[in-house]
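Peer 1: Below you'll find the structure I mean.
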């Protein structure tokens with residue numbers, strides 16, 4: 001059978017919090033079968049757990065948060081969540097001694113390296129996928145996102161940014177998902193923001209960790225980072241990275257075709273909640289062997305080495 005995945009060992013890293021600008025220690029721990037993805041704040045006494053759940057997601061101007069019933073939150077979970085989706089990690093406990101996951105370089109790549117460093121272990125329990133059975137679409141003005149039935153996982157994302165640094169040929173990105181494709185084509189794409197927004201937020205004591213080290217920064221005319229872009233279409237690739245993380249907030253890889261136009265964290269989450277709320281639109285599935293498993297989810301050699 002296709003088995004659930006966790007880590008082989010505990011790994012730790014440090015980074016800077018996007019909101020506070022302070023050092024954050026991140027610890028990733030293996031977890032037993034059927035634990036799911038759990039974020040944990042150890043700066044609180046007692047520590048507070050936040051299971052990944054579409055209904056717990058809140059989108060703020062700066063990041064995605066998980067919020068519990070007491071309005072306690074953990075922030076900046078989206079890029080790590082994308083790395084978990086990319087590598088198909090089903091069970092993990094993610095600890096931080098702060099209210100937020102460190103921003104690292106603004107992409108998912110540092111988290112991918114950390115997960116690969118921990119090693120990936122298979123548990124003797126069937127991995128559950130969410131399979132889309134009916135088309136579900138959500139809209140917000142001219143923005144929209146939808147899932148259609150498809151035996152695999154494809155993503156097709158279009159942005160519409162009128163900016164000199166983003167030419168029209170760099171506004172759409174489509175891919176057949178796999179762990180290899182995620183690592184090579186998506187994981188290194190960084191988040192982006194306007195210099196004026198960062199300066200304004202910092203003047204109000206917010207976004208204190210925001211810098212050229214953790215984002216693509218633009219003014220009205222150009223990219224300000226000395227090293228420029230990692231991909232010509234890094235902006236839309238990062239929006240796809242965000243979507244992969246947002247859609248994994250249900251804790252399961254999804255079998256279906258995702259298409260979006262000008263979507264963001266909030267609309268991605270609205271789509272995920274709309275799918276899960278419509279019982280006839282999806283089902284849980286497991287697979288007995290590799291032959292049945294959609295190509296998108298076959299483990300690459302680098303992961304289960």
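Keep in mind that glycine also has a Cβ here, set from the backbone N, Cα and C atoms.
Positions annotated as Zn(2+) binding site by Swiss-Prot: 79, 238, 242. The active site, proton donor annotation in Swiss-Prot covers 265.
For each feature listed, report its degree of burial, its nearest neighbours and the pertinent distances within the displayed model.
Peer 2: The Cβ neighbour count for residue 238 (Zn(2+) binding site), using a 10 Å radius and every protein chain shown, is 28.
There are 21 other CB atoms within 10 A of the CB of residue 265 (active site, proton donor), with all protein chains counted.
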Peer 1: So for residue 242 (Zn(2+) binding site), how many other CB atoms are inside 10 Å of its CB?
Peer 2: 24
Peer 1: Spatial neighbours of residue 265 (active site, proton donor) among the binding-site residues 79, 238, 242, defined as Cα within 10 A: which are they?
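Peer 2: So the list reads 242.
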Peer 1: Quick one: give me the count of other CB atoms within 10 A of the CB of residue 79 (Zn(2+) binding site).
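Peer 2: A count of 30.
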